[in-house]
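Here TrEMBL flags R26, F27, A28, P29, S30, E62, Y198, R216 as L-glutamate binding site. Look at TrEMBL and you will find C116, C118, Y137, C141 tagged as Zn(2+) binding site. As annotated by TrEMBL, ATP binding site applies to K257. Sequence annotations record features per position, and here TrEMBL assigns domain 'Glutamyl/glutaminyl-tRNA synthetase class Ib catalytic' to 26-277. What TrEMBL records for 29-39 is motif ''HIGH' region'. The feature motif ''KMSKS' region' is assigned by TrEMBL to 254-258.
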Amino acid sequence: MSQSPHHITPLTHRTVASSTAVGAGRFAPSPSGDLHLGNLRTALLAWLFARSTGRRFLMRVEDLDRVRPGAREQQLADLRELGLDWDGDVVVQSDRRQHYQDAVARLESAGLTYECFCTRREILKAPSAPHAPHGAYPGICRNLTSEERGARRAGGRPPALRLRADVGSFAIDDLLHGSYSGMVDDLVLRRGDGTPAYNLAVVVDDAAQGVDQVVRGDDLLSSAPRQAYLAGLLGLTAPQYAHVPLALDQEGRRLAKRAGAVTLGDQKALGRTPRQVLGMLAASLRLTAPDEEADLAGLLDRFEPSRLPREPWVITLPTTPSQSP
Ligand code: GLU
């Protein structure tokens with residue numbers, strides 16, 4: 001049955017005349033606290049990248065880990081207040097555990113996993129494997145005999161499940177960083193407490209949602225090779241990546257509450273409108289002049305990935321009323 005135009009999600013902003021762009025971009029915040037200006041800027045960029053290429057834009061809540069009650073609702077409200085829109089329902093990772101289990105089961109049946117009983121301390125104390133890059137899991141549990149495994153199981157500590165990777169590094173292409181080669185080790189797929197690992201969930205979800213463009217902070221650039229490699233093992237196509245610069249405070253630290261008025265709520269408390277905050281983000285991306293009014297349709301018209309600043313955004317912020325002496 002063909003859909004009437006009435007049922008087609010209206011795209012309120014410019015769509016690029018490309019008949020081949022059918023994929024999606026996304027923003028995938030962890031609901032561990034409020035989004036700060038750096039996160040909002042990344043969300044804006046993810047939206048601009050997706051919408052300027054005619055892609056859908058999807059929202060996913062990555063709540064397998066640290067969750068602060070109410071954070072999810074606040075994050076989505078802040079994004080909406082900036083004017084960002086997304087297609088379809090918000091996907092919530094904690095509703096999707098079965099999909100992660102299925103992916104793990106496929107890797108398990110292909111012989112690509114092993115149980116790992118190591119504590120963090122044991123891993124830190126272990127000598128690194130010869131030629132293994134710094135920070136790689138040193139393979140302590142990779143080749144346990146069945147007796148050794150039995151003895152460790154008897155210890156009662158539930159094992160994590162690791163990937164048996166057969167490469168040490170993998171290369172991806174990034175729209176901003178070019179070709180980037182990074183470490184792949186025997187990464188954790190499922191933690192000892194049963195929680196699916198971020199690297200697994202992100203790969204499963206991006207593919208399931210039809211995401212073919214991942215725009216996120218460049219603190220995750222080094223995770224991309226692992227994720228792309230894992231996608232390949234699962235028979236999935238890795239997305240296109242764009243890892244964007246982070247926001248830093250004046251001391252060069254990652255933005256955090258201590259830097260001052262870092263959230264949309266803080267900015268509003270100082271008398272700025274969401275539109276002015278959008279203007280601040282746009283100016284930081286050199287899409288508008290400082291203090292120029294910004295609107296999303298206009299930003300979309302000006303957006304040109306190759307002209308984006310490549311260096312971190314260093315912000316000076318007034319303190320919030322609650323931080324003032
Ligand atoms: N949930 C992650 C974060 O908030 C982002 C993951 C991703 O974009 O792949 O840092």
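Placed from the backbone N, Cα and C atoms, the Cβ positions cover glycine too.
Heads up, TrEMBL stuff is auto-annotated, nobody curated it.
K257 (ATP binding site) counts 14 other C-beta atoms within 10 Å of its own C-beta, drawing on all protein chains shown. Not one of the binding-site residues F27, C116, C118, Y137, C141, Y198 has a CB under 6 Å from ligand 1. Same-chain residues with CB within 8 A of the center of the C116, C118, Y137, C141 CB atoms, the Zn(2+) site residues themselves not counted, are F117, E122, I123, P138, G139, I140, R142, A160, R162, D186. When the binding-site residues C116, Y137, C141, K257 are ranked by how far their Cα is from the Cα of A28 (L-glutamate binding site), K257 comes first. The CA atom of C116 (Zn(2+) binding site) is located 24 Å away from the CA atom of E62 (L-glutamate binding site).
A Cα-Cα distance of 25 Å separates S30 (L-glutamate binding site) from Y137 (Zn(2+) binding site). Within 10 Å of the C-beta of E62 (L-glutamate binding site) there are 21 other C-beta atoms, taking all protein chains into account. Taking the binding-site residues F27, Y198 in turn, the residue surrounded by the fewest other Cβ atoms inside 10 Å of its Cβ turns out to be Y198.
This prediction places the mean pLDDT of the motif ''KMSKS' region' (254-258) at 87. When the alpha carbons of E62 (L-glutamate binding site) and C141 (Zn(2+) binding site) are compared, the span between them is 29 angstrom. With R216 (L-glutamate binding site) as the anchor, the candidate binding-site residues are C118, Y137, C141, K257, and the one with the nearest CA is K257. Distance from the CA of C118 (Zn(2+) binding site) to the CA of P29 (L-glutamate binding site) is 29 Å. Distance from the CA of Y137 (Zn(2+) binding site) to the CA of F27 (L-glutamate binding site) is 29 Å. Here the motif ''HIGH' region' (29-39) has, by DSSP, the following mix of helix, strand and coil residues: 3 helix, 1 strand, 7 coil.
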